[in-house]
């Protein structure tokens, strides 16, 4: 793709995200979401592969339907209450329609079907954008309207997302699909706590984005798209593979790594809200995710030659690792000690 075109699309992405998260009026928020959608479509379909075109089409149709529902929800609320302010969404029908629209935007169960397919049809860098920056505007809208949304509906969708995200990721061999189901599972953790402690949802999202960025950039650096190619990466970049191992375990939420922090705080908050059953259910379902993270980590670091892969062995590379990857993987593994500081901020 032309560098100038790529620059324009990237600036449009940042602009659309900024417009949505900083707006008070529903029409401005909707316009920001539309700019985002139109900016990411050329980045998804830039390879001109049939799979990429299919992914872009699925993404466009889903996001267009979700945007229409956002507009319908805000218009219904304005019709009944005379309010276009995002924080004044009070009509029950509008709240229900908005919850559906944001679930479609994010890829929450039962509107999750498009996300693994779109991620599989995209490159790793576009997949990174879809998993992180494209989730920020819908989560910002969820944050601003959290006090009026239905807690029972959000809790049900969250537990189903954690269950299906873990369950459907178990038998995947494509790394992008595994990361897509991982994203769905993490969204379940973010959604369940949004009504009770919205700041905790934002903390979870920031840490998830940090760890996912580290994983995507590492995989892009070693050019691994399938588990079978990941098996040969140890011979090429041993240090990077070791850090990938820690980052994947951090995504799984194992102590004493960074990923344990949001899970710990969410379980604590759910217990305070007398939702111990939901906390137990989420904790058990996170074991499904732990299995496929361990599977990825095993393929990346523990599977040493001789093994039965048909792929050619890679030469050990002397190319230095990008400093951004080094910083992100280190932070993804070592933030837990400052959890007292973080807990005082939320």
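A Cβ is built for glycine as well, from the same backbone N, Cα and C atoms used for every other residue.
TrEMBL annotations: computationally assigned, not manually curated.
Feature list (source: TrEMBL):
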| type | residues | note |
| --- | --- | --- |
| DOMAIN | 23-288 | domain 'NADH:quinone oxidoreductase/Mrp antiporter transmembrane' |
| DOMAIN | 290-342 | domain 'NADH dehydrogenase subunit 2 C-terminal' |
| TRANSMEM | 56-76 | transmembrane segment |
| TRANSMEM | 96-115 | transmembrane segment |
| TRANSMEM | 152-171 | transmembrane segment |
| TRANSMEM | 178-197 | transmembrane segment |
| TRANSMEM | 203-225 | transmembrane segment |
| TRANSMEM | 237-255 | transmembrane segment |
| TRANSMEM | 275-294 | transmembrane segment |
For the domain 'NADH dehydrogenase subunit 2 C-terminal' (290-342), what is the mean per-residue pLDDT, to the nearest integer?
76
Positions whose Cβ lies under 8 angstroms from the transmembrane segment (56-76), at least six residues beyond its ends
26-27, 29-30, 33-34, 37, 40-41, 44-45, 84, 89, 91, 93-95, 97-98, 100-102, 104-105, 111, 114, 117-118, 121, 141
What residues in the same chain, six or more past the boundaries of the transmembrane segment (275-294), come closer than 8 Å to it by Cβ-Cβ distance?
155, 158-159, 162-163, 165-167, 169-170, 172, 178, 181-182, 185, 188-189, 192, 248-249, 251-254, 263, 266-267
